Amino acid sequence: MNAEAKPGDWLGKVRWDANGLVPVIAQDAATNDVLMFAWMNRDALAKTIELKRAVYYSRSRQRLWFKGEESGHVQHVHEVRLDCDEDVVLLKVEQVEGIACHTGRRSCFFQKFEGTVDDGEWVAVDPVLKDPEHIYK
C-alpha cells in the first residue's frame, strides 16, 4: 500500500510516476476485450470518477483528453480498478459506437505478431470499422 495515502485519500493511494501519471487500460465491460492504453493524472482520474466517462491525460498535448471529444466515441465507465501494486488503473467501459482506436478500429491492439524471431512481422488483423477521415473532420 502507498505509505503516503491517508484514509479517504483515494487519489493518494495510487502510485503516480515521476511525472504524476498512471497508466490506464480500458477494457470492454461486456466482453472483457482490451480496447486501449492511455495515461491519467490526478485531475483525469477524478474527472473520470465524477463524470463516469473516461478522461485521460494527453502527454503530447499536455492537457486533459475527454475520450470522444472529437470523434464521438465516448467511453462510459462502469467500473474503476487499481492493480495489486497500485500503479495501473483499469477502466471497464461501454465503448460508444464500438470504436476505441483513432484508426477507426474497435481496439488499439489490432496488430498481431506472426512468424518467428527471425522473420516475424506485425499484421493488422482487425478491420477498420470507420474511415478515420470521416471520424476526424
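Just so it is clear, glycine is given a Cβ too, placed from its N, Cα and C backbone atoms.
What Swiss-Prot says about this one:
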{"type": "BINDING", "residues": "D83, D85, D87", "note": "Mg(2+) binding site"}
{"type": "BINDING", "residues": "C84, C101, C108", "note": "Zn(2+) binding site"}
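Each residue in R15, L82, C84, E86, V88 lies on the same chain as D83, D85, D87 and has a C-beta within 8 Å of the C-beta centroid of that Mg(2+) site, without being one of the site residues.
Put simply, C101 (Zn(2+) binding site) is 23 Å from D87 (Mg(2+) binding site) when counted between their Cα atoms. Cβ neighbour density within 10 Å is lowest for D85 among the binding-site residues D83, D85, D87. Of all the binding-site residues listed (C84, C108), C84 has the fewest other CB atoms within 10 A of its CB. D83 (Mg(2+) binding site) sits 21 Å from C108 (Zn(2+) binding site), taking the Cα positions as reference. In this structure the C-alpha atoms belonging to D85 (Mg(2+) binding site) and C101 (Zn(2+) binding site) are separated by 27 Å. Sequence-distant neighbours of C101 (Zn(2+) binding site) (same chain, six or more apart, CB under 8 Å from its CB) are L35, M36, S107, C108, F110, listed in sequence order.
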